[in-house]
Amino acid sequence: MKVKNILSVAGFAFIGGILRYLLTIIAPGMGVLLANWLGCLLLSFLTYYVIERDLIAGWLNLGLGTGLIGAFTTFSSFTTTTIQLGNNEWRFALVYGLASLIGGFVLALMGYWLAKRLVEMEEYHD
Amino acid sequence: MINVGLGSAIGAVVRYLVTTWWKRSQIDWPFATLFINVTGAGLLGLVIRHFGSANGQYLFWGVGVMGGYTTFSTLNTELVAMFDEHAYGKLLSYLVLTYGGGLLAVWLILG
């Protein structure tokens, strides 16, 4: 357990959490969904491109993935929003829940697919 | 805004420590993320029940600590890794346990 890794996660999470909060102010009601969608695309791209190609130092990769993107996205707020929507109108809860679940997975798949294509293209040119 | 950042940093470090500890078990199933997301969902429900969702306590404990502790991007990247390995049973069970567990925990508190 390196202190450098913990400090990297903490520092980047500080920024990630604030960015998510700002997004909820800019886009009320949609902020968490947008943060979660964007974060899924970015983290799977980071995982399958930057990490597999070994482009950056371990502590930086950990800071960006676990810290910045990990804290930018959130699961707890998704669940409370869904249940609170469901207390008023179950149809809204269903739409919000499915948009998060399907959207998150599809965007993570897109990040993965983009990373694989880029790696293939670079290997072709090498 | 600083309290959201500080809370997120604390939450994310706890998440990092839990997942690092779990990875030592060498068990190829993301129980750490499942545990974090389900407990974090329930704890956020408690935060909202006790503090409401429009004050400084909520910003620190809810938006900050629980927001930084739980993660949506890691969940979906792990699901994609299972898809990549054609481990569809694992994918489905992980998805159902996370969403089912998280929503049930919050429903019991706020529903």
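Cβ atoms are placed via backbone N, Cα and C, with glycine included.
The transmembrane segment annotation in TrEMBL covers B:31-52 (among others).
Under the heading transmembrane segment, TrEMBL lists B:58-79 (among others).
Around B:Gly67 (Na(+) binding site), the same-chain residues at least 6 positions away in sequence with a Cβ under 8 Å from its Cβ are B:Val4, B:Gly7, B:Ser8, B:Gly11. Per TrEMBL, the feature Na(+) binding site maps to B:Gly67, B:Thr70.
What TrEMBL lists as transmembrane segment is B:91-110 (among others).
Remote same-chain residues near the transmembrane segment (B:58-79) are listed as 3-12, 14-15, 30, 33, 36-37, 40-41, 43-44, 47-48, 51-52, 91, 94-95, 98 (criterion: CB distance under 8 Å, separation of at least six residues from the stretch ends). In sequence order, B:Gly11, B:Arg15, B:Ile36, B:Asn37, B:Gly40, B:Ala41, B:Leu44 make up the list of same-chain residues 6 or more apart from B:Thr70 (Na(+) binding site) whose Cβ falls under 8 Å from its Cβ.
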